[in-house]
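Visitor: Below: one structure in structure tokens.
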């Protein structure tokens, strides 16, 4: 029995006497992109109840309260497929038997089941695929129905044909919409599944040769219900217009909005004056967007009628019924409405005497609507049962109500403004121009939590998106950041805190606001949201009771707090702020229990198998940023350039085995590391490796690899211990497997991490033994066109690994040569300007160190190579140590440009600034092949990546030979 109260529901389960007992716990047999196959056992025999006639399968989002029924008809078998589940969602399932006495007891829950899509698959094309054929532009939706989509895209070449592919979100297989190429750059794909979501791509075909697929379209939601034909009809006829105001020879009319399947694009108003003729004349030159209009310069003592026509993309509606006649009198007289259209003969005689006026539209006075182009839906005039008339306020009036002393007006105005500012950038701009932002910030001081919540939500909407940076600056200038932080400090309302942190998350994406948020909000967020969970217990394992990080055996399960929007928003704010500057990193490292709390959260998420959430992504990115230049913790004056010069001639040795005293420290809980030292502990490295194995979130993958990259980049002892810990925890094969992913920015982070790990001799030996083939696959083939999917940064990182391997071993140098690596390096060293000068130089340096192994000269010469072939390109003799430099990186979350000198590593930075917003979106720059900045680092913007990485999980076992 379910009883509803507002937006919440309370479920109480009853089972009738004689109903079946509970079936066995359902088990998951198979999982695809959007469904699961369940199997269960029949309930045990019971003399007091008859066997079930069928089963009802129920499911719910993991962690929620209410169960939903998955099947309309009873399931007769003990197996059922639950479909239409959200990809990457986590669900739990249960089963109930039913007989003539009713529903029985539910089975035990299946536990959390992750709906992970399989890896994207595309059938082998019949045509040859080549990089020489340019792909088409990203397909864009023009129009959509309930089972069809019309697409257009930018053409790739004049003589190109196009093949369109599509798939449902969560389906790993791409399907072909047209097998024969079409010459038009547009298509209508029909026969799609109703009420579903699809994505599309386009393949160009020139002379029988295919291009790579274009960028995938945005996800397209098909309209549920209705037929396609019903979406192309004109609007319905509106009701007869009414009179709102009479002022002498001017009259204001209004009408209710027309019903339309497509958006209404405007209204036309027509009038007629029977004293002149019975024809209808158009009043307005341009469509009217508001549901009212003022018509002026009407003739006194004449009677007028009005009617309205609505327009949409399909055409014009039928005219509305005409209004009542209205008699125009002088201002001193009163209005009289005539119920009947009948007129006496004298009025027609007057028309004959003065002559007919064919058109008055050029004499009309028109009033601009209060909300241009956005006033179609709410009518400006409504009449209640008691004949009281009222209308929706204009935006300017709403903003004025924010300053009212009446709290009800403040509450209603702030709530209405929150609705108006959602996803409407023009409204957001006008709100700032009308002075709405300072008034909203003033409402943060209100003692009414609902008003505070509405004000925070408005500020969240106003500051969303890069295009609203002016609003973010206005919030800062009005002291909004400090007051939002003060709201977090003083309020006890969870919904207010949630909206306030969401607003701060949006604001933190602007570089100018990050220092202000760092000073005002970071300690509050840590003390109230992150730090308290450090002492919360971890989930049960192996039957043991829950224990906290300090051995505490009491406390509540923090799962609900971890899954809250408040926690997600707070980690998002700290993630963005951590990318601001060197000072920001140091400040955050010094906040008590921040790092410990994040590590505790990641441990909990991994144990619960909830590794794909945006909160995990935020936490790992934050830890990655705090690990950047980690040697600063021990040496505040640490400079990578100077450290590299000091260690240039030092031979890196393998990490020593732990001493006896160190083992005793690990056994003694009093010596547990705290603060920034937690970042390089082996248990934290193990968390990153577990995420690299289990996560399907590409942002989390990049951040985890970037954290290992940073921790292994420095010259102090903890970095050496990290390099050894990755090997001991069997992390090298995990990283090598990720080299094969198609997402370049993930591959770049992984390759750079392997480069830093290869400083350890044992790591270098294992990478040379098992990973050479995968590394050489990332280098371009001689004579081939540039592969746009692989950036210069990725190639540079791979060359750095090869440099370390080749310099240390003649045997691995021989392997590189036998795998055709020499030919690739020679072609790459001469490939400027296709590849950057830096990449060509690195390739030349690898060739140079290959020739230094004199015992291989005979083999090189038998391959037709001579000494001059190893000195080609841009490298100089003797300049062979550049690539030995480890690199530390903040990934794509780069600091602002005015802080680059003090923040970027001397070894080179990878990527550009990427900040996040509460809905998960990332602000990324457009793609580019390569770009050289006149500094000691390279910065290459990347194209936004929205697709998820789909990997085989769980992976196969790791060979012990890697250790």
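For all residues, glycine too, the Cβ spot is worked out from N, Cα and C.
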Visitor: Name the residue range among 540-559, 560-579, 580-599 that TrEMBL annotates as region 'Disordered'.
Guide: 540-559
Visitor: Which one of these stretches, 364-387, 388-411, 412-435, shows up in TrEMBL as region 'Disordered'?
Guide: 364-387
Visitor: Could you put numbers on the helix, strand and coil content of the domain 'Fibronectin type-III' (22-118), residue by residue per DSSP?
Guide: 0 helix, 41 strand, 56 coil
Visitor: Quick one: mean pLDDT on the domain 'Fibronectin type-III' (22-118)?
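Guide: Computed over the domain 'Fibronectin type-III' (22-118), the mean pLDDT is 85 on the 0 to 100 scale.
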